[in-house]
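Under the heading domain 'DUF112', TrEMBL lists A:19-442. Annotated transmembrane segment per TrEMBL: A:12-32, A:44-68, A:143-162, A:168-187, A:199-219, A:259-284, A:320-341, A:361-381, A:388-408, A:414-431, A:438-455, A:467-488 (among others), in sequence order.
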Amino acid sequence: MHLSLSILADQFLLNFSYLWLIIIATTIGIIIGAMPGFGAANTIILLLPFTLAVPVDVALIFMVSLFVASHMGGGITSILLNIPGNGGAAATCLDGYPMARKGMGQQALVLSFVSSTVGGMVTACLSIFLLPYISRLAYYMHSVEMVVILLFGITLIASVASDNMLKGLIAGFLGLLIGAIGADHIYSTPRATFGFIELYDGVPLIAVLIGVFAISEALTMMESASVLSDKGRELMKQAGWAETWEGVQMAFARTWHMIWTSLVGLVIGIIPGAGASIAAFVAYQQSRLFSKTPEKYGTGIPEGVIAPEAANNGCSSGDLIPLLVIGVPGGTTAAVMLIVLTYHGVQLGPRLFIQNPGMGYGVFITMMIAYAVMLFTTLPLTRYVSRLVLIPTTVLAPIIIAFTLVGAFAPRGYMFDLWLTLGFGVIGYLCRRTGYNVVAVLIGVILGPMLEANVMRALRISGDDPLVFFSSPVGNGLWLALAFSLMIPSIAKWRRNRAALAAS
Amino acid sequence: MNNDRDGKVATGADWIIPILGAGFATYYLISIKDLAWEAKVSGVFCAVVLFLLIAIFALRTAIGVARGTHYLEWRSLYESHKLAIVRGALFALTVANVALIPWAGFTLSTFGFLFTCFLWLERMSARRAAIVAGSLALFGYVLFVLILRTALPPGPFERLVSALTGF
């Protein structure tokens, strides 16, 4: 991989000459990122005529800027409305929304923007220099390891997202089972489709996301006149530029936290298929694990916003590494980018760095410039955007329902998906009212098809030997980590109870 | 939801999701009984683990009730009559909105839904509700239909605009 300062300088100047394009792409990315159902992949598909018509450099700059901005945008609605714009922003709801309810929405948004920027920039910068080395991580992740990682993801999310781990696991496995609806991977025979042909491709993720988050949140919102608590409302009304500055200080006081959680995102992003949702939750869980005050997580603390936001943006760099280095897309958006680049005749994989190293490294230069642009354009807006929560819930809830329903319809164009969304809205509402975390259900649905595909692949390769799941050293290490992650909360609870008993 | 009352844990309403889960898992297993094992393995694994978890939950609840640390209640689903009506009506209006979209199109059905909600939930004046709902529906039309090209079912409004402007 030929890397020289002149290549980097050329790429920087090239990107800078397209600053106008980066500004447009990041603006679109933030807006669509904040809207559930309109992910970066869908938007790139929508704008395919543009990306195919322009030169490859321009197309790449546009796609990369839009991609990273959508990760940042996803946090806005997570914080203000408890509705993640995409799966990667689901973990941000855990502390972002409680912060907003306390009247600290502006600070939470600033935390999200700064940690996204720092996380994205650090990992993009690191990727340039470590590209040849970190890409090898992907080689160690085969289907066996992926099965354990996916199960690990579910148990992790169940313990992070729920006060009661058993309830979290029930929600997670219910999600996995919902994710297993549809045609199977080998014979394409329909399973548990209730006779609906629209479910043969599986349950559409966007319908689940919008149903369990947006619809159920809108119904739950009606309990009070405002999203904010009384004290929060007063704080919010008085909020000015000082709160933006306070948010910036809060973020930079936790610089190391931003850096290491973004690195967690980078590593997870490199694993093909793992994605931003897992990255954000793993970073959140690790952040809580190493915290001196883990009990404060979930109540609205800055670390709880920083960790997932830094990680899901760190994951953006990681997502693109397998695409550039070995030609395997790390996620859906990367897959769409692969199609566009292939159309342009770009050969991805090791040859890219021999034939056109500038393009390979230029992706990360674009990312860094896009993050800088985003920070400067979004920070001044936080003061105004955060006032969204001042709208009475009786106005906000119908607007959320009306507009998010479009997001449920957009990806497939089926009216059936709208009915499905309403069904999941009811399930989400019941989950919220009875203490089952909706995040665990959503992540289960996301991971279900991935789990099945990897289980089948591992079994096929091993000649249907179930012991294959315990045959790899990396996999066995991950099994151990999974067992520990299940035991640690119970041990910690037992120790707390014993300490409380001793104290009393 | 677990509400502490005199240090006791409320249970009852939190059985709805396990019951739904068990029902769905049973249906899932029935629906795959005649399939090849490759098509079953993942679903059977998830269903079995789900049944196990529900069994542990049941055992824990039964022990709790027997020991007196848990008590049965359903209040967490139905806090007050007024709230239930508001929530039920909002959901019913949403269902009506979805049912109307294929005939009225996105813009008109959204306008109708928002207008009714604002009138009834926010007690806005009819004029103000019409202006706010109309502006929002129009904004939605421009953003989703014209800019993002979402293929929402067209209604009289969309057809009229298309005929007049060619968009």
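Along the chain as shown, residues are numbered 1 onward.
Glycine too: its Cβ is placed from the backbone N, Cα and C atoms.
A TrEMBL annotation is a machine prediction, not a hand-curated record.
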Sequence-distant residues near the transmembrane segment (A:199-219) by C-beta distance (under 8 Å, 6 or more away from its ends) are 36-37, 81-84, 86-87, 90, 93, 178-179, 181-183, 190, 193, 396-398, 400-401, 404-405, 407-408, 410-412, 417-418, 420-429, 431-432, 438, 441-442, 445-446, 449
Outside the transmembrane segment (A:414-431), at least 6 residues beyond either end, the same-chain residues with a Cβ under 8 Å of its Cβ set are 171, 196, 198, 203-204, 206-208, 210-217, 219-220, 405, 408, 437-438, 441
### Query
Is the transmembrane segment (A:259-284) in contact with the transmembrane segment (A:44-68), using three or more Cβ pairs under 8 angstroms as the rule and ignoring pairs under 6 apart in sequence?
no
Highest Cβ pair tally under 8 Å against the transmembrane segment (A:168-187), stretches A:12-32, A:259-284, A:438-455, A:467-488, lands on A:438-455
Taking the transmembrane segment (A:438-455) as reference, the highest number of CB pairs under 8 angstroms among A:12-32, A:259-284, A:361-381, A:467-488 goes to A:259-284
